[in-house]
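Now, the feature entries from TrEMBL:
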type	residues	note
BINDING	143, 145, 179, 203, 400	Mn(2+) binding site
DOMAIN	228-318	domain 'Peptidase M20 dimerisation'
């Protein structure tokens, strides 16, 4: 490792460890958002944030108001910009660098939220060993988003430092609420990435080969996250059970029937009820019961059909037990409708020239709302790519695990990958304009 690489590694490590200490869940990334804006403004960016970067009709799965307001009341940061819309749940930030010269337009997205997971206290867990474990009890960065934030902020600095060598314009998107696929749609549906030539994003780990960059990740599953509320009528379970309408039985009937759904010859399908909660006592006919569930499909058509069947089954179960029901969509992501092998080959050749180990293609096998951005850019004639940056540590313990971690060297790989690609497209356009 050269001295410049060592300095880069140290800078990235320090920033990552700062954000690892302060994880915040979806739509409550107040401290994270304020910090990102402050850093970007210090670099000279004009930053968009708050209601300006969200379509409120597309914001899903927001936290309970009392919880969000209680946490917002603890945020006491003296900054020279208005944070009221941030504290109202409009988290995230966007900035753009325009070189003022004709060239490509490139958008990049970095997710910023943490998870409701209590971080391991094991002495072998590196955040404990080196003193940067989560300070927010019951929450941690267990998916690498602390690293994604770090890389996004470093690229903001790099773009400023190299803007004289670049053409076109560059958009950096710091997206909230990726966990549960709640936040991407609200940003895309403001027209944020409309007209951009390229869209690049990526993720640490996810089972990708260690010490390598995966280009053109596919296999994103379309998904819908739904909360189902059954409402019945309570009654004495011993004296007058016939007067009650049992919401738990309605929910149980729906649950069992829902599990029979995934039968498709055209692709993969998934249905899972992850949580059931209802009733108030053993001697009371339950008047409420709540299910938290999700569907997934290898195509959006499969997922849409699953959701239609879900609605039918829930309605039938409610009718069977004389209950009412309500469905609330709390998250969504589509399947990827785009693949461009020639574009991926171009990226592969650029990274090969820079001696960055890489390969084309990896099956993601899960859902990611970055696909909203990718599909939109592609629909309007642009090109998009999602990268995976392999990590042995991430693979060892797995994502969304209390001992999740990654080698910080992967941050250097991410920076090298993206800066070489940004320089490639900027200078390529410049060279072509001179021909």
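Counting begins at 1 with the first residue displayed.
Glycine is no exception: its Cβ is also placed from the backbone N, Cα and C atoms.
Any TrEMBL annotation is an automated prediction that lacks curation.
Excluding 143, 145, 179, 203, 400 themselves, the residues of that chain whose CB lies within 8 A of the CB mean position for the Mn(2+) site are, in sequence, 111, 113, 115, 141, 142, 144, 178, 399. DSSP classifies residue 203 (Mn(2+) binding site) as strand under the three-state reduction. When the binding-site residues 145, 203, 400 are compared by the number of other C-beta atoms lying within 10 angstroms of their own C-beta, 400 comes out lowest. With a cut-off of 8 Å between CB atoms and residues at least 6 apart in sequence, the same chain places 114, 115, 179, 399, 400, 404 near residue 143 (Mn(2+) binding site), listed in sequence order. Confidence annotation: the domain 'Peptidase M20 dimerisation' (228-318) carries a mean pLDDT of 97 in the model. Other C-beta atoms found within 10 angstroms of the C-beta of residue 179 (Mn(2+) binding site) number 21, with every protein chain shown included. Here the domain 'Peptidase M20 dimerisation' (228-318) has, by DSSP, the following mix of helix, strand and coil residues: 34 helix, 28 strand, 29 coil.
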